[in-house]
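Copied over from TrEMBL, here are the features:
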type: TRANSMEM; residues: A:50-72; note: transmembrane segment
type: DOMAIN; residues: A:111-300; note: domain 'ABC transmembrane type-1'
type: TRANSMEM; residues: A:113-140; note: transmembrane segment
type: TRANSMEM; residues: A:160-186; note: transmembrane segment
type: TRANSMEM; residues: A:236-258; note: transmembrane segment
type: TRANSMEM; residues: A:278-300; note: transmembrane segment
């Protein structure tokens, strides 16, 4: 990083611009130091063009979801059987489906559902995984054994099959699909968190904190979690695509969002019957899923550069 | 200040149990600087870690300031009296905690007040300016990291400092700086040192008395003056001396 041009030794000289203030190598306050660190991370992230592309796509997606009722040209539920299965045209940019509903409007409204599913799963699964993994790794002994065997049981089933079983038991709906996905997505995070914890727990800095009288809970939350979280965040960002596809898969099988909700996977499922003659009905939501999955993958790659603590040493 | 007697430390369970320290005993008077010397694997660091409470499997008696230490967790008073500086400053600082966070947390854990002023003073004490306060370990050199680690150990205002080869991971020029800093701090804060090193010259520079360890046993305890004069009784001490002398002689000899 470029150093601030002002002398870092004299606290009297105020750095000139905001950029200098942020990049100062001698911050005066905690707030300045924290903002500076965030800004440095942002600079690293910005240098990665592909990650920026992913971020832009996701910001557009979020904007689209928030503004859905205002930017969608039509209601996602408005049927017009006279206009059914129209190809993309000026009136319907992405065509219409079997009930004459505007596909673009359905995609725009569907982004809300997609974001809801992905956001909730991405919040619940890593937190369960982080908790179970770090407790198992840190406590060791029989706690470790019990927690890891439970994790193994979950890992032994294919993810989607297990999710299917959960949804079948709980009844098909979006909420249950989210729950099922979250319950099946956490074991890899738990494994990851445990592996990280095992490498950290005997480190000298943990011993040093112990020598200051730090309790187990403080060590776990204050010292071990910060080192596990960054790899988990990266892993989540890379898994987002898989979560979207799993949610779409559940929707495709009719176990996620129920019609007439414009969930992307359910839309593909609707288009399946016409896929050869009216390709756009299935292709458009497919394209949307592909774009968002790719955006999350690109973002994950960029986040890895920023968050990976091992990269700091270079 | 510190009295260790008949200390045994082991790792693992009976079939593959390793006895790292066997029947070690020594005393350190208040204000004294006591050295533990030995080759790698002689158990000198293990003694230190057992005293600090980082190894639970030991037997014998360890008394700090008259208080008998039991196996298991140490109490708050112990952490306020005894602190430790670790060998590798690259491993002993949390990579995600800034200097400020490390010292603030330590001070809070030790129940100190006026944390901001204390951080400023600690950094001054170890010769780091305020510009280092919000740095992260990866932005510091090895010597600077070790200074932070020393500041952390001093935060509790302890009276006994356990030094586990505090300079062996550093460059030679930085080693001298850190040793001088430690010597100054000892005079200033009236600290008692228990220092582990494999380097006789470091011990000779820093300590008043030393114990020589070999394969988990203490073979000899003698004043540094006796060591310098070559008045050691155990043959192993003489060997160690000869080894370090020989090394130095080789180094000093002009290249043929």
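Quick reminder: no glycine exception, Cβ is built from N, Cα and C everywhere.
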> Cβ under 8 Å to the transmembrane segment (A:50-72), counting only same-chain residues 6 or more beyond its ends: which ones?
Replying inline: 102, 104-105, 108-109, 111-112, 114-115, 291-292, 294-303, 305
>> Checking distant contacts: for the transmembrane segment (A:278-300), what same-chain residues at least six beyond its ends satisfy Cβ-Cβ under 8 A?
In response: 50-51, 53-55, 57-58, 61, 85, 87-88, 94-95, 97-98, 103-104, 106-107, 110-111, 114, 118, 234-238, 240-241, 244-245, 248, 264-265, 267-268, 270-272
>> So if I exclude everything within five residues of the ends of the transmembrane segment (A:160-186), which remaining residues of that chain have a CB under 8 angstroms from its CBs? That is, six or more out.
In response: 113, 116-117, 120-121, 124-126, 128-129, 132, 154, 239, 243, 246-247, 249-251, 253-258, 261, 263
